Amino acid sequence: MSQCLPKHTVHVLPQCREISQIGDLMAFTILFYDHVLTFPAEMRYFWRLPRYNLGFVLFFINRYFALCLHIFNVIRIFAQVWPDDNKTCATMEITERAGVVVAQLFCAVIMAIRVYVLYKRSRIILVSLSIVAVGTLCFSFKPHMFNRGSGADMAILWGGQLLFDAIIFVLTLSKSYCLGTVGDHSLVDILLRDGAIYFAIISGVNAANIAILLVNYNLKSISGMFTNSVNVIMVSRLVLNLQESSLRGSAENTEHSLLPMTTIVPFDDGLLAMRADDS
């Protein structure tokens, strides 16, 4: 087993190192297992569609970039592929952290577009979410963040993610409350219900991640990689569920909807967009 550790964790207690390694392996196992479980649905609702578009590309990148990142992390820890010097270890850790940020960015883009179209492409919603996302991203790429960042620095970074998730969660619940109980359990109802559940889980995991970083920064690997794994799984399952529901709804030609004169487009360029009929 490789003992490659970054400079500021060379003197970490062996227990912390072992716990972090177990946490990384656990995050990879959960993510890989979910890929195996959901791959038939992915084939059915995406790969067999007649054309590929922006929605497909975002879904594909969200799933497989994260999977490659976790595979890279497992190899980095458990295989003696790279030298064990401090410079190489620091480079590997910086690469891992940057990869987590990029993976989280793809999740955030999918969630933001989803809320944007849920609010009928409201520019106010789009601008507000963009400001939060860009602000968090700018803080993420401060020069010292990846190589000399403390537990508090990383907690603030993930706090931005938690803020973004909380905004998504509140906007989804708000839309659900406005619609009330009007209509049957249509595609829009499924979109709101599942969105609230998934975003609540994601926010809870991010909150736990921040707590771990503040309590013991040496366990950052558990918090970061595991949180990313849960985020990717939740967003992927949300999209798969919505894609299945929208295609089933189109096939059944549903007559009732929570929004009058409104249709839901499958996972297309609008990313499960809702569009009001002009007629």
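Keep in mind that glycine also has a Cβ here, set from the backbone N, Cα and C atoms.
Database features (TrEMBL):
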DOMAIN    27-67  domain 'DUF6533'
TRANSMEM  52-78  transmembrane segment
TRANSMEM  98-117  transmembrane segment
TRANSMEM  124-143  transmembrane segment
TRANSMEM  155-174  transmembrane segment
TRANSMEM  195-215  transmembrane segment
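Note: the domain 'DUF6533' (27-67) comprises 35 helix, 0 strand, 6 coil (DSSP; helix = H, G, I, strand = E, B). Within the chain carrying the transmembrane segment (155-174), a Cβ under 8 angstroms from the stretch's Cβ atoms is held by residues 104, 108, 111-112, 115, 118-119, 125, 128-129, 132-133, 135-136, 139-140, 145, 149, 192, 195-196, 199-200, 202-203, 206-207, 209-210, 213-214, 223-224, 227, all 6 or more beyond its ends. Mean pLDDT for the domain 'DUF6533' (27-67) in the predicted structure: 87.
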